[in-house]
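According to TrEMBL:
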SIGNAL    1-33  signal peptide
DOMAIN    43-165  domain 'CUB'
REGION    312-340  region 'Disordered'
COMPBIAS  317-329  compositional bias 'Basic and acidic residues'
DOMAIN    553-623  domain 'G-protein coupled receptors family 2 profile 1'
DOMAIN    745-921  domain 'GAIN-B'
DOMAIN    929-1086  domain 'G-protein coupled receptors family 2 profile 2'
TRANSMEM  931-952  transmembrane segment
TRANSMEM  964-983  transmembrane segment
TRANSMEM  989-1013  transmembrane segment
TRANSMEM  1034-1053  transmembrane segment
TRANSMEM  1073-1094  transmembrane segment
Amino acid sequence: KLCCAAPSSRLWITVLPFLCVLPLLLIRCWCLAAPSGPESDSCSTLVQNRFFGFFLSSSVFPSVPCSWTLQNPDPRRYTVFVKVTKPTQDCVSSQLRTFQYDSFLETTRTYLGMESFDEVVKLCDTSAPVAFLEAGKQFLQMRKGQTSSPTSSGELDFKTEFLVVGKRNPSMAACQMLCQWLEDCLGSSTSRRPCGIMQTPCLCWDPPPLLSEGGSCYHNGVYLDNCLPDVKEREKDAERNGRGAGGALGGWSPWGQWAQCSSECGGGIQTRTRSCQAFSDDAYLCEGVVEEGRPCNPQSCIGKGRSLSRSQSLRSVDSRKRDDVEKARGGQLSPQTVDSASGEEWSAWSVCSATCGEGWQSRTRFCVSSSYSTQCSGPLREQRPCNNSAVCPVHGAWDEWSPWSLCSSTCGRGYRSRTRTCTPPQFGGDPCDGPEKQTKFCNIAVCPGMMDGVWNEWSSWSSCSASCSNGTMQRTRECNGPSYGGSECRGEWLERVDCFLGECPVDGHWQPWSLWSGCSKTCGGGSHQRSRMCYGPFFGGQLCPGEREEVRFCNEKRCPEPHEICGEDNFSNVVWKTTPAGDTAAMRCPPNAMGLILRRCSLDEEGIAYWENPTFMKCISNDYRSIQTLTREHLSKAQRGLVGDGVSEIITRLRVTSSDGTSYSGDLLAMLDVLRNMTEIFRRAYYSPSSADMRNFVQSVSNLLMEENRERWEEAQLLGPNVKELLRLVEDFVDVIGLRMKDFQDLYEVTDNLVLSIHKRPVVSHADITFPMKGWRGMVDWARSSEDRVTIPKNILSTGQPGENLDDTSTFVTGIVLYRNLGSILALQRNSTILNSKLLSVTIKPTPALLSAPLVVEFSHLYNGTTNQTCISWDESDSSSLLGSWSTRGCRAVLLDSLRTKCVCERLSTFAILARLNPDTNMDKTQLPSVTLIVGCGVSSLTLLLLIIIYVSVWRYIRSERSVILINFCLSIISSNALILIGQTQTRNKIFCTLIAAFLHFFFLSSFCWVLTEAWQSYMAVTGRLRNRIIRKRFLCLGWGLPALVVAISVGFTKAKGYGTPSYCWLSLEGGLLYAFVGPAAAVVLGITVELLFCHCHGALHPTQRGTSGVFGMKILVGPHYIEARKSGAIQTYYHST
């Protein structure tokens, strides 16, 4: 911790670490930006938010014009101080300008509140190598401009340092540096060169603070906290404070009183002693002498005896220690005196210890004795005073500075000065060192009066903007002012003139390479080449570098043998050309698609080449390509934060297009890409998907899984793990939709191929989540009859740990997806192992690290007679599994009965049942008609056929309208029976199943209409209105025409949607299409009832009459037929509907 104190030579040691990292700070703070000044400079530097720094002119002013601008963070709180070290040579006074200003108007090139510092800096004045200045406005700028003298090089190298100091509570380090600058500034100031620092917020040259009791130190003008002063410093401080050395520190004891003088005259010695009070471990605290002496009684001895006791030596700590060692060695102390008879001669007197005033000389001798001689007596060392008459020189000393004088100007810039007097030296002493007078600038107030802006001189013309051909030169000038409400400068600040330096030379440049020529050989190594043309050169330019032609080898593989080549083949209406084995031939896709059809030529086990089946993975239909392009455009806008309209239209178009199926396997990949991009668009905050968007998205995913796409899925699986991408896609969709849902909100979407359920619940829930939802009315047949169940415990996310960060406001999103036929697309069958259930996915967002309660999933078996039921889950991270991405970890199976299995799982994933198939179990999922249905339909058809044969054989006897009606009725029933039996085996073929459902609709309605026709015929026969053939034609129109019209209208309105389902070839129960059969059938029954009532009211109908027998007989024929065929799904629906 540094406090501001008197400047000293060791000041920079404290600031040195700050200066070491300064270049790194400057690298970051200097940026080529638009400063608050003219932008016409070729280079400019703006320094912001920095409080100290320096730069060299060679790095900041590499060219002209250049500017360097320092921005004051807040002129009300900070003051800028600058130190400029002037160049030693090659200085041009008009090249550098230094000024401060408040702001700069770019439109008029005007500096507001501009104040120049050129008279303060005086860059080329070598009498003062350093200049200091003080700035208090918003910006301080140094500008290097063009020189007016063409012969001058204009090269100057100077150094600039700046310091931004707070006006209140400045930092200690800043004050240290500023005080040093102020000392240097005032020391070099004269009346013609006043100091540029007018005032400082720091207190300089105050007495140092007292040392605190905490062991603080004051060294060389710097106040340091928490330091341990050395012994010498403490001795000096102790003596300075009038205490013994170490008195307060536990070292030396205070000095004792001076002893009596050793001689009464002729110069004696007085001594005093002290003792070390430190322990042996702290002996380092006692450095110095134990005893010290001083001369006394220097008067001459006349008639008195002279004592030699003044020559006794003084003991020290070192001699005391050495004596102790010698004691330990010898056992006794050697005497320190000598006998005068046996001692050696005294040495010569030493040089006087002082050249002036009072000093001392000394001499010594040694004791030479033997074991038989007497011991030496007398002192070993003598001292005497010397040079008592010489007088020491006294150096000159400065008196205190006088107060600063008043400012020389009452407004504007002036200067103040102060002086001091020197006490002259004496006896040859040195004169006073330093200036006698100090001067600094002052600025009391702003001078009143308006000053209009004045243009400065034009700068010199810049160099031509082009080194050749047409260019421009320009020059600029700047407005000085205005001030105090004056007007701005009038005129232009920029002038331009054209310049021309001759045509520019144009080097030659190469044109693009031509295409590679055909290889000279098809195999065995050939070559092909390409060339390019050189354009130019012009006006003395350079030629094109490089070669004109380039040759490279091609077709270096060996030529195949004849049996290793696939011959020309016409397959899938495409002519495949001859291709060697190992290569892949490519042909364009059909006109309705884009991309390539690939077909590989391979070798069989005997080494004979053969064609593999072509793959359409690279073919994408034009409709899907258009949707894919639009989706990518919207995603690009979404990534840039732009709102794009038409997202709902795209997802709707995808749903409609995908419902018609796909033509190529590439269409599946394109749909996956579109749905993935749609998920990213939904994830953006600015777009909120509507309910229709979510339904269309789910329906598009369902369309991907349609049964007719099975073969294309198998082909697409060869390109990559596309089913994995589908599972990730659905999981991401659950995450995105869950973020937009409100608490306690559910989303339930049911389609022909999947059921999606999304629930948003608080973490602290009071009920379990079950799937499927009870009472849901939108269920399709396969989902309604499915016995697959999921139970998610209410405490699945609550671990009960004390550090768990869960509260009442936390929510989680649960997504459950039941796939109808995704398992058949995956086709996980190895030997006798099969998938024995539908696939069911469970997702929770945010994904928990650990489930506190197990997940319970119940599956119904797809196949009977299977054993070893095993619960499996989708795990892409388990590379050691023999089932690919399926794993048995984290789940255990509980067999409920022979048709159901329960899985208890400790993880979230996609689950299914894996089972072992018995050898005699039929794996074909094509459901054959039941025996009851076959027998019932067969007996009914044979009976009706026998009836037709009988009628035909006796036709000449029974020919009548009633017979015609009966034969047509039998034909409709026989056709219905045949379609029912065929339709049970064609559920996978959607087109054929749709046709069967439409014809069944037609023949069923025909059966009812022929019954109505017979009732109509009976009524007309009773009433006597049946007279000609026109009536028979009306019967045919009613029996066959009316059903055909109803079916045509239904197909036209629904576009055949609902004709045929994945389970049976009959009308779907969803969407209201079933009413196209129930409505007309009910109308027919009502019509028959009305006719019977009408005939009964007229009394014309008798039980023995022919009409009654005809209708009654038809009922007998129809009834057993439907009762026997009741187990068929389609007939059961028909029977219940009727």
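Glycine is no exception: its Cβ is also placed from the backbone N, Cα and C atoms.
Because TrEMBL annotations are produced automatically, they should be read as predictions rather than curated entries.
Below 8 A, the CB atoms of the transmembrane segment (1073-1094) and the transmembrane segment (989-1013) form 3+ pairs separated by six or more positions in the chain.
Across all of the domain 'CUB' (43-165), the predicted model scores a mean pLDDT of 83. When DSSP labels each residue, the domain 'CUB' (43-165) comes out as 8 helix, 57 strand, 58 coil, counted as helix, strand and coil in that order. Taking DSSP states H, G and I as helix and E and B as strand, the domain 'G-protein coupled receptors family 2 profile 1' (553-623) has 5 helix, 33 strand, 33 coil.
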